[in-house]
Amino acid sequence: MERILPAASEIEKHEFSYLLTKRTYHSISDSHLWFSIFSRPPSNRFTRVQRCTCCFTLFYVSMFLNIMYYDLSNQAKSNNSTNSASLSVGSLQINSQQIIIGIIVDFFAFIPSLLIVQLFRRLRSRQKQLSPLQQALHKIKPHLQSQKKNNQKSSLTFPWWCIFIAYGLCAVLVGLSILFIIARGIEFGDEKIEQWLISIVTGFLSSIFFSQPIKILSLAILFACFCRRSNDDYEANEFLDNNQVDLNNDEEYLHSIKKRSLFTYRAPVRANRLNESEVIYARDRRLQEIYMWSIIREIVRYLWFFSLLSILTYTHRDLNSFNQVDHLQKYFLNSRQINSDYTTVSTIDDYWNWLENSFVENIRAQQWYNGEPPKNLSGFINDKTNRFIGWATMRQLRVKSQLCLANNEIILTCQYDYSLSNEDKHSYQPGWLNETIETYSSSISQSFQYKSSKDLDTYTYVGDYGSYEGGGYVYEFRGRLVDLQTNVSQLYQLGWIDDKTRAVIIQLTLYNPNVQLFTSVTFLAEFLSSSRVYPTARFEPFNFYAFTSKFQLIVIILYMSMMIYHMWIEIRLLFELKRKYFYRFWSYIEVGIIVCAWTTVGIYIWRYHQCERIGQLFKETNGYIYINLQFASYVNDILTILLGFSCFFGTIKSIKLLRFNQRLCLFIETLKYAKTDLIPFSMMFSIIFIAFLSLFYLLFSGKISSCSSLLDTARMLFEITLMKFDAHELSEASAFLGPFCFSLFIILVIFICMSMFLSIINDSFRLAREHADPHNQQIFAFILKKFQRWTGFKKITDEEIQEERDTIMRSEYFHPIENFPERIDQLLDAINRCESDEFQCRNRMCIPVEFVFDATPDCMDLSDEQALDELFKKYQNCAIQSTLECDDRLCHKDQFSCGNGECIPWSAIVNDQKDCGNYRDTGYICETSSLLLASHVEWTGICKQTMELAPPLKNSSDCRQTLGHLLQTHPSQQFRDLAIINLRTRCENLILYVEQNAFFPGLKIVYNRSRIEIFIGNRSNLQKPIPKTPDLYYFTGVIVCNGISLNIAEKIRFSYQDLQQLASYPFFPLFHLLCQKIINQSLGNMKTENNLDSSISTSFYRCKNTSDRVSLRRINDGYIDCLYGDDERNPHYPMTQLFRYQCQTVTSPSQYVSYTKLGDGVVDCTDGSDEVSNEIRWSTFKCDVNDNYACWVFQGDQFGENRLKDARLHFHRYCDSIWDTIDGQDEKNCSYWICDPGLYKCNITGQCIERKYFCDGEFDCDDGEDEINCSLPWVPWNLEAKCNKSTEFFCITDDYVKNQSLNRSCIHRSRVGDGHIDCIGARDERNVASCPDHRIVGDRFLCDKGKKCIDYMAICNGIKDCVDETDESICYWNNGSCPVGQFSCADQKDCKSTRCRGQIACIDKSHRFWCPNSNSENYVYRSSKYRSVIDNKKRCYNQLKSNTKLAIPSSFSNQQVKALAHRNFYCNRGFYLHVVASSEFFCFCPPTFYGDRCQYNNRRVGFRFRFDRGQRSDLPFILNVLVTLVLNGSTVVDHQFFLDAAKEHSSKFITYLIYPHPKPSGTYSVRIETYHSTELIHFWEYPVSPLDFLPVLLITKVLRFPARSFPWLCSHNYCENNGICHQREDNRFLCICAYGWKGKLCEMRTEYIHCASHSLARTEAICVCPKGYLEPYCYVQNLKCQQHNCELNETCIPRSNLPIYGYTCICNTSNCNVNRPVISVQRQEPNQSPFLLQLLQLAGDYPKIRQQILIQPLTSFPLIQTIKIRDGRYVIGEQPEIGLLFIFEPNAYSIETTLYLLFINCSSTMRNFSVDLDQQLSKCHVLPENQRQAVTLFGNFCQNFTYGTCFISDGYLCYCGYPNKNHSNCLSYQRRYTFELRIYHSIQISQSS
């Protein structure tokens, strides 16, 4: 592409335009001192610094001269009254003295400025010594230098050292100016100096932007006109120093150089000519750019225009208008008063009543509420806010008396409604008489005189029932209130309103000075001929001020400038297009905008004159003149309409800018194509609609209110068209015509006309889509691409270069596909590796090992805590409320994530047994689920967002609509037939349900059409819905197999039964099975075993027959991670992981489960010992906040201790009839057991049961004592009824089966529960015998000599499940006549498909044989039996207390749920705010979500931490903690402040740091800084994993302080600008910057700091406050400690963070705890060995160690210690109930420990304890080996005190005296020492001494 650039000729250089442009540009860029700072010519030696200095000096000199003459100017203004030569323009006054002062100031300021500027301009450059190369060039070509000197003109210049004179002169002038300015400013005072400053700034700005540019332009025009000489060389080289012209490396000269220079050289440039294709491409690109810029200009113009239009439109609406109208309506109408309510006026008397008692009293200001007269309120109404503009008038319009003619006879006088023809315009005397002799006041007389509209200056008024002329009979409300009341009363008596009155109009104009609003008030009462009065009122506020602010004036000027510009464009288009201009739609929009704009300007001008006129009249008459603003009100309405249409047209115009949207283009083009067809269709539709309009109006106008007028009838018909109608109303109007006309309208208009309309639109849309122009889409893509490149969102990439780089990179790897899985393994191993002191969660998260089993979940998948019901309760409401726990939770592999913290087992999803609370599992497939559509009105949950209600079934319904209708509804036979027709004609045999996935990626649902037709065609299924179970599933999509992404295009189909079988796998196996199938097919004849066999690498285990890899730490953990479970019970992997429980009786190979699965209700061990072991039922052993003993046991692994083996069952859970150990050993030998009060003790077995379980059909006593003589809820089997209930038990024995005639089916009650099986199946020993799973037999059938248990439903079904066949031989009557799988009744008369069901019964009731008490399926025997054990504390206090907890009332939470469910999860995880009187909803999102519907996850980093001070007493008691999310080591993205106080049990903190939107790329880390006041103590920093693809990444750490003094400063200070360098253990450092600096090295200066100067500003807005100052910016001081809130000898420390004004008290001496209980230990002699004093707190099932006190050897007594009354959660509790003493004595090879019981305290009051060690203590004896297992006998050991008052066994501590002195109470207790090393050290010291 070539372009010729012609150079300007000499003639063109002398043209006016050229000279004007050139001189103007040169003057502004160089001569304008202020502008030249930014536009200085680059070759000019007058630098920007020098120009700024001149501007600075000139500004101060001008200020100095201005302030010196400021008084003279004011004096001139004050004397202008005597000065004849003054000019006044409004408030601006100019006189000759002011002009002279201004000239003098400018002249004196001009002299120094000119001198300084010229000094700087004419400085010569300092001579520099030439380099050797330059000297050589000068010697070679000296003529060039001489020629250059000759070409330069001589001019006055100054030596280079004059620059110091210039700068010195500037400094002197500025200093003198400042001195005099300060002196004169002090003399002026504050008010005067403020006025002077405003004037100087205004003058300064106007000089820069207005006066100087105008002066420069004027001089340029003058020189261009009279001085045509052009000297380009002088202008270009006037100040050019050739010695200083140097080009950069990437620059070259653009113009040819005719004169050669020594230092310039231009290399030859060779231009390559483009080929033809490149030229075409470049031309197209250029045209696209031109079009793009035209579009951008159009968009900018429109946005500017629409902004001005919006400002102008919305500023016209006064914000106080509504309040003004609302106030006046309530004030005048009296709608709250029954007797004077204007809105209820219906008769003439009501109207007079309102007029006299309400209106008249309200139009005059009366006394104040305290009786004070209304002073200075003349002309105001009684609200004392609004003032009359003149007075109020009451105008009446009447009709003439007419004669009615009937049968040519005059029979009566008729009264017609008002019209212009029958209006009465005659004048009367008072009383509507022609003559009267009585005299009345002038106002009364005038009210009976007719006045025309011209006399009254009124106009026609339109009411609801007519239009009323401007004339009438007028009464003026003038005078005092008493006079008005008298006149109104007299008018009432004279009958001023009578039967000829047709309208009474009260008009008044009010002005509210507070809001500057005029209000035109009109009360219209229409008196119809039916004697009914219809009152209406109209309040119209408006503002007469044309421009309420200068801003509005500026906006109007700019808007009209835009309108002139638009007019110019439209006129050009009109001349260009001519007649075609009127064929364009947008032409009418533009014309509408222009017409509305100019009309609006005219109205503004009229309003301005009207405001001036009213103001002048008001000023002349003081407001006592009647001014009618009716016309002004009409004009204001017109203005509002014009502005509204302007805004409407302007908004419509935006559609033109959106023409790049493909859908919108299709919409516009569709209307164009449909135009020709819609015009005749509209004519036809109008005719039909008018016909129906006439029909309905004529038939029902007197019967239906909606047909009372033509307008109402048309509105009703349109509503019927929109399917909004009341058919009952039409039926009541006419039983036949109503439904007939309605049906006819529906058929013709809805079915026919609307169908035609949709057909027209559909055809036009098809044509528009076929002829769519892709040009706009291409332009839009081009603009978007340019925008992305300009903003940097999309880098310019070369595809070929990138492909080449990819090829090179791929060639560097050998067999990348084969090596990819191993590389992934290496990457995951590197990322997932935890430190030695950390525990790895199942989701690969690392947490400190000491956080494991601390009753607080730290892993996101909860794998660090015991899976208790209490733990999961907090996640039950995740569907209806958003909490951090819900939003952060991750589900396990075998669970379906509901997306809100709720996890559902996959098997329950597949089997449709359970759904997510938000129905996420049924999204897009809600119709196929068992959920019911409530009232067929709307879906709930996610279904609300993904599904639509089924439309009514029609002939035109497509396949998908028909299927959805059948699935959602229960159609009648008529619709079923229609459905069959639609299915046959519009559906294939296999119907794809929806395109979306079905609860799994890539899974689709298919229905079989034939099956649906058969089901619908069956008459017996008329009342049944069609089966929602899909007939077929298929999968297609992308899966990842062995690290390789595979696209499965072929549909892999399987049935619903196949899907059900997938539930048998441990997790949803679809991907794994597909991968296995694909890999087997791809390997072909290769041995798949070699490729898919399991193997163990250094870090991962490869599962069998699948490509899954499992981390070695997840082998043998109880969780199945491999599809076929080969990762569990794996003998090849040695067990080295912590927190593993070995199943007790499982061997070859051994089985292990994680501690987290103990007692979770799911049997994982084969022997069930993870739920019930030999020692304990794990569900009662809970590691929660109420029982830290279980947590202590679980945590033993981290210390190398197996504490789990010593865990024991709670003592009082023995002999409670519930099996809490394997084989029920805890229920044996209970004869001597002592029951708790309120329990029943079984006579034979000695078990304790609750009385509510009597006669419930299940044995609670082992011998069934609680079920004797009980009536059954059903009729028993005839054979069973033969037994005596009191003494016998129904039992089928082997003898009875052999011979029924010689033996009975009953045994004696004494043989039940005796441990010997008498009945077949162990029915008599149901509570004693156990199955191979070590659980109670219950309702199961025991066979094969106790080796097998089968379900009770497997008995007598014809299938031999037991080897000994007793499950079938017990049914001795079964002769095989019934089919296999069915039950034969004992009378052999019938066969039943099942048993134990009331609806399937045998005549002899034998179907009840061996049936459980419950009818529910899957019921487990006695599973509902659970006894809550009285905890040890209540036993100690010997009283029962209700364990109540403080909770929020349920009604509150229910309201929350209801409010949230009302909008069907409208705000996702947030809650919504409903705006009153609006349908708009606003969502308030939790911190974890954002978006208008809270639909987006906030990407965040969660940081949970705890400080470990490590006995560092030198650390401050309170630490201020700053946690920050840092980007690239320097930029703080988010931050949080905390406060940590030193205490025995350090608290955990958790905070969430939010990423910005969008998340910037870079390296992130979490930094923790601890401060004492503003001094940094220490810091930690942890990197954030780059694989944080989940919304939340949780980091958990224990922050330990290193063993060294603080602060830890760097040996070398890397920080700049006085920053302080701190370092940590790994030699990394942190810079604490000085105030005003920031950055990693304090290298950046902060622009604006919000922090106080005495704080530590980490960034501009992150402030570390000193002690006693409050966050966030440390300006407010916390003075709470000045109130002496702490106790004596305590120091108060004010806090900086929340709560506001918080404080902490610190003890200074040992006397601070005088009010707390103490324990005193006394002894005569010092101890030789260490003692350990242990105080126990009774809480829950197991005691807590509240406090341990180690008494070192050789301690002096008495020893007094304060008893701690706070627990681990730092909550104040009660005193310890039990005190123990351990005495340690060293032996030759061991340490002997003796335990003593010091005290048992069962008192809730605080008390002190005193222990005398010299007295005989209660020693706890150790039971011998032969007695340790007899736990059930412990309660009787105190009868003979064989073992003293206290004894211990394995896991139990027992003491005598409970519940009486002969019995004992035992605690489940292990010896727990936390001072092991210190005790051992103390013993060593004692031995050495």
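From the backbone N, Cα and C atoms, a Cβ is placed for every residue, glycine too.
For reference, TrEMBL has these:
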type     : residues        : note
DISULFID : Cys404-Cys414   : disulfide bond
DISULFID : Cys834-Cys846   : disulfide bond
DISULFID : Cys841-Cys859   : disulfide bond
DISULFID : Cys891-Cys903   : disulfide bond
DISULFID : Cys898-Cys916   : disulfide bond
DISULFID : Cys1255-Cys1270 : disulfide bond
DISULFID : Cys1356-Cys1371 : disulfide bond
DISULFID : Cys1633-Cys1642 : disulfide bond
DOMAIN   : 1606-1643       : domain 'EGF-like'
TRANSMEM : 49-70           : transmembrane segment
TRANSMEM : 99-120          : transmembrane segment
TRANSMEM : 158-183         : transmembrane segment
TRANSMEM : 195-226         : transmembrane segment
TRANSMEM : 551-569         : transmembrane segment
TRANSMEM : 581-606         : transmembrane segment
TRANSMEM : 638-658         : transmembrane segment
TRANSMEM : 678-700         : transmembrane segment
TRANSMEM : 736-761         : transmembrane segment
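Using a 10 Å Cβ-Cβ cutoff, Cys1642 (disulfide bond) registers 21 neighbours. Each residue in the domain 'EGF-like' (1606-1643) gets a DSSP state, and the totals come to 0 helix, 11 strand, 27 coil.
Within 10 Å of the Cβ of Cys891 (disulfide bond) there are 20 other Cβ atoms, across all protein chains. Counting every protein chain shown, 25 other Cβ atoms lie within 10 Å of the Cβ of Cys1633 (disulfide bond). Neighbour list (Cys846 (disulfide bond), Cβ cut-off 8 Å, at least 6 residues apart, same chain): Cys834, Glu835, Glu838, Phe839, Gln840, Thr1596.
Cys898 (disulfide bond) sits 9 Å from Cys891 (disulfide bond), taking the C-alpha atoms as the reference points. Listed disulfide-bonded residues near Cys903 (disulfide bond): none (candidates Cys1255, Cys1356, Cys1371, Cys1633; Cα-Cα distance within 10 Å). Comparing the Cα of Cys859 (disulfide bond) with the Cα of every entry in Cys891, Cys1270, Cys1633, Cys1642, these being the disulfide-bonded residues, the smallest distance points to Cys891. Mean pLDDT across the domain 'EGF-like' (1606-1643) comes to 91 in this model. Distance from the CA of Cys1356 (disulfide bond) to the CA of Cys1255 (disulfide bond) is 27 Å. Under 8 Å, Cβ to Cβ, and six or more positions away along its own chain, Cys1356 (disulfide bond) finds Asp1367, Glu1368, Ile1370, Cys1371, Asn1374, Phe1383, Ser1384, Arg1395, Phe1409. Non-local neighbours of the transmembrane segment (551-569) in the same chain are 304-305, 308-309, 311-312, 315, 590, 593-594, 597-598, 601, 604; each lies 6+ residues outside the stretch with a CB under 8 Å from one of its CB atoms.
Other Cβ atoms within 10 Å of the Cβ of Cys834 (disulfide bond) number 16 in total over all chains. Neighbour counts were taken as the number of other C-beta atoms within 10 angstroms of each residue's C-beta; across the disulfide-bonded residues Cys859, Cys898, Cys1270, the minimum falls on Cys1270. The 10 Å shell around the Cβ of Cys903 (disulfide bond) contains 21 further Cβ atoms across the protein chains shown.
Cys841 (disulfide bond) counts 22 other C-beta atoms within 10 Å of its own C-beta, drawing on all protein chains shown.
If you draw a 10 Å sphere around the CB of Cys1371 (disulfide bond), it holds 20 other CB atoms from the protein chains shown.
The most crowded of the disulfide-bonded residues listed here (Cys916, Cys1255) is Cys916, judged by how many other CB atoms sit within 10 Å of its own CB. In this structure, the C-alpha atom of Cys1633 (disulfide bond) lies 85 angstrom from that of Cys1270 (disulfide bond). In this structure the C-alpha atoms belonging to Cys1642 (disulfide bond) and Cys841 (disulfide bond) are separated by 39 Å.
When the C-alpha distances from Cys841 (disulfide bond) to the disulfide-bonded residues Cys891, Cys916, Cys1270 are tabulated, the minimum falls on Cys891. Cys891 (disulfide bond) sits 13 Å from Cys916 (disulfide bond), counting Cα to Cα.
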